[in-house]
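Okay, structure first, notes after.
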Amino acid sequence: MQTIRILPNIRALLRDGRESEAIDVINAHVDVVAPHIKDDLRYIKSSDPKTSLCLSKIYFVLEDYQQAIEYALRAGDLLVDDGSFYYTSIVYHMMDSADIGGDDRIRDFVLKVIGAEDVDDSLIGYLFSIKAYGLLKEALVKYISDGNDCRRLLDLLISLGEEEGCLKEIYGMLAEIGPGKKPFIFYVIDAYFYLEDVEKVKALIERLVKEDILLCYDVAFYTEDNYSPEIEVADQRVMSILSGEFKKKILGAFLLEKNLTSFKFLESIARTRTHYLGLANSLMNLGTSNDTLYRNNADIFGQSSEWAKFSEVASIGMIHLFNSNPYEILKNYLPSEVSQKEGGALMALGLIKAGTFSEEDTEYLLYFLDTEDTLTPELAYGVCLGLGLINMGSANREILNKLKELSKVDRTLLVEASVYGMGMLGLNSWSVELLEDLRTIAGETEFERVKRAVGISFSLVLMFSEEMFYDECNASNGDFKNYINELLYDKDSIMRANGVLSLGSAFVGTGRLGVISTLLPYINDGDDDVKRAAVIAIGLVCCDDRDLLVGTLEPLSENHNFFVRAAVAVVLGLFLSGTGDKVCTNILEALMYDTNSLVRQSACIGVGFITMQCNPELVPNYKRIIEKLNRLIVDKKESGAVELGAVLGRGLSEGGGRNIVFSVRNMSGITSADRIAGAVLFLHYWYWHPLISMVSLCALPTTVFCFNEDLEEEEIEIPTSSRYNNLLICLPDIKKARRFKQKPKEDKEIVIESPSVLTFGSRCTIKQREECGIDAPAILFVKKKK
């Protein structure tokens with residue numbers, strides 16, 4: 001009340017031209033008098049900093065923030081941090097204005113203010129939002145030099161950079177900062193490759209050879225694991241890592257030596273006379289190089305014919321995944337000039353040599369494409385898939401032209417085979433030309449198989465293409481949007497399913513809620529193929545976020561449509577392989593008792609994935625689940641579909657001698673295109689069973705190694721809990737023994753205790769890594785102990 005009484009004095013001072021005195025009085029009581037003197041502001045003529053600051057405060061109280069900011073800027077050096085509510089608020093309003101863009105004076109003031117602040121996540125986020133890359137670069141350097149873990153922050157910046165179409169600027173900034181310590185140096189390597197500056201990677205590796213050989217090994221391993229570059233350096237130790245020979249050698253030896261596969265258990269499966277014994281054997285011995293069962297039971301496997309035999313021979317490639325001499329292994333199956341033999345052997349060759357870009361192997365496979373007259377469907381598939389696997393993601397124009405020629409023949413299966421090969425070659429290439437070729441093939445055929453293969457290839461080519469949807473400077477981004485939109489609204493249900501799958505592939509691992517909301521309505525599409533594709537696509541988008549994946553798909557596990565329930569089961573299992581996730585194991589166990597055979601099959605496969613390297617201590621219902629799978633294998637009353645699911649699920653649960661999981665992340669923990677391709681192809685096994693072997697592209701050995709400067713074995717000891725025992729639950733008896741025959745007792749459960757200390761080459765499960773704090777890739781390079 002006392003303050004209100006001074007209003008007449010303020011007005012009198014203003015009207016008498018005594019502005020300075022009036023401003024002093026207003027400043028002392030601005031919060032109260034401001035609403036009452038807004039009509040008297042016209043008497044203020046001065047524009048000096050003191051008056052401007054007072055006017056800013058008045059307009060701030062009046063909530064005219066635009067005017068408040070304008071006068072605050074005119075106040076110049078008088079606008080200082082006095083701890084007042086006004087100062088804090090006006091700065092926040094300026095930050096909002098700078099974020100929107102416009103007045104450079106606001107931006108300069110904000111940058112001046114925040115330049116004096118301590119660097120934290122929120123400051124870096126704000127600098128990114130206003131595109132202040134210069135200050136952002138300085139802030140990042142300080143943030144990292146303070147010893148902060150930058151991984152989560154940089155991952156977020158890169159994700160936002162993709163979404164806002166400024167990824168080039170983000171990576172350019174990281175490249176300018178240059179390599180430092182781990183883990184920042186790996187982001188700089190990503191930047192060099194994104195900017196297509198491989199020479200800088202080579203120069204960095206050559207410098208580290210002289211300065212820090214242990215860090216050099218880390219960099220070389222990361223580079224090979226993620227980019228498989230054609231970099232040559234003089235140091236043979238580093239070169240062995242860059243070529244991939246080092247990784248293949250240590251992983252192959254690990255899987256061979258630590259193989260826990262029980263051949264008695266495999267023999268018990270053989271006694272059930274299942275048609276899928278070869279599949280179970282290949283999964284259980286994946287990467288171990290142990291094909292004893294094949295060699296000892298050649299008569300059983302020799303009875304298969306046509307596509308069944310193709311699948312069995314192709315799956316040999318899974319067993320010898322890390323073998324360095326595939327021609328010796330496959331010599332009895334590989335075709336030659338005088339004998340067509342097995343096309344599956346060519347696919348096996350591709351699985352073993354996947355991603356090597358071997359010219360010798362490519363030339364060998366291309367020979368068969370020149371024999372079109374004698375080219376059988378089995379051989380064509382072997383050639384095309386083999387070429388696609390070996391040259392995956394290379395976009396080799398010569399090979400693509402050969403496959404394009406094959407796609408023009410009037411033989412449906414050969415066209416389908418060529419399309420698969422084209423998609424694998426174009427993996428993650430974002431090639432508009434290749435997309436046009438595939439669209440032409442789809443438009444010229446009426447066969448569902450070919451159209452479906454085109455859709456899978458579309459999804460492979462568009463993989464990880466999210467940034468192209470936001471990059472307005474790139475002319476191709478409109479093409480991508482048009483391709484997918486045309487497919488999403490196509491009258492042909494298969495093409496619609498192809499569009500759904502391609503959208504999920506383009507945004508793989510991003511967790512974009514907008515994309516998920518676009519995909520969810522297709523769950524209610526009138527066609528089952530579209531429903532299934534929608535679930536797979538949602539799984540792809542969410543595959544890097546467990547909570548989002550489970551939260552989105554869990555409600556769909558109770559969907560009225562059995563195709564949706566079936567797809568949910570496989571997708572949850574594959575993307576959470578080896579985690580023993582309790583929520584998902586409960587979902588999948590319930591689906592094992594579904595009324596529909598396809599759902600039960602898919603649930604069996606899903607639990608096979610999710611229970612890998614688990615036991616009853618990690619998963620409470622583990623025994624009940626595995627015993628159910630075992631009963632389904634021996635129960636002859638079950639349908640063939642459920643039998644396939646049970647055998648496949650059991651093979652997966654014992655996969656790789658219990659030393660692997662299946663993951664879309666590589667050893668460095670990065671979601672990689674080739675592994676996503678393996679997942680996409682495997683998830684379409686329902687349409688063509690030989691695609692089951694593609695799951696081997698996702699195989700991830702789980703171990704821990706330690707090497708010194710000479711790449712020699714270095715002993716380590718990492719304490720771990722005793723919760724990771726291996727439990728093998730055997731199959732129940734197929735039939736009861738006669739009373740007068742004494743049947744020898746056999747243990748139905750075999751336990752192999754896990755060590756309490758992890759040493760060099762020990763199995764180290766996903767859960768153990770989390771428990772022991774071991775970062776990917778679990779290959780340590782340390783100084784030699786004296």
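Yeah, the Cβs are placed from backbone N, Cα and C, and that goes for glycine too.
According to Swiss-Prot, the features are:
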REPEAT    311-343  repeat 'PC 1'
REPEAT    344-377  repeat 'PC 2'
REPEAT    382-416  repeat 'PC 3'
REPEAT    417-451  repeat 'PC 4'
REPEAT    498-532  repeat 'PC 5'
REPEAT    533-566  repeat 'PC 6'
REPEAT    567-601  repeat 'PC 7'
Tertiary contacts of the repeat 'PC 4' (417-451) (same chain, 6+ residues out, Cβ under 8 Å): 377, 380-381, 383-385, 387-389, 391-396, 399-400, 403-404, 406-407, 457-465, 468, 476, 479-480, 483, 492, 494-495, 498, 673-674, 677, 687-688
Number of helical, extended and coil residues in the repeat 'PC 4' (417-451), per DSSP: 25 helix, 0 strand, 10 coil
Per-state residue totals over the repeat 'PC 2' (344-377) - DSSP helix, strand, coil: 24 helix, 0 strand, 10 coil
Local confidence of the prediction over the repeat 'PC 7' (567-601), expressed as mean pLDDT: 97
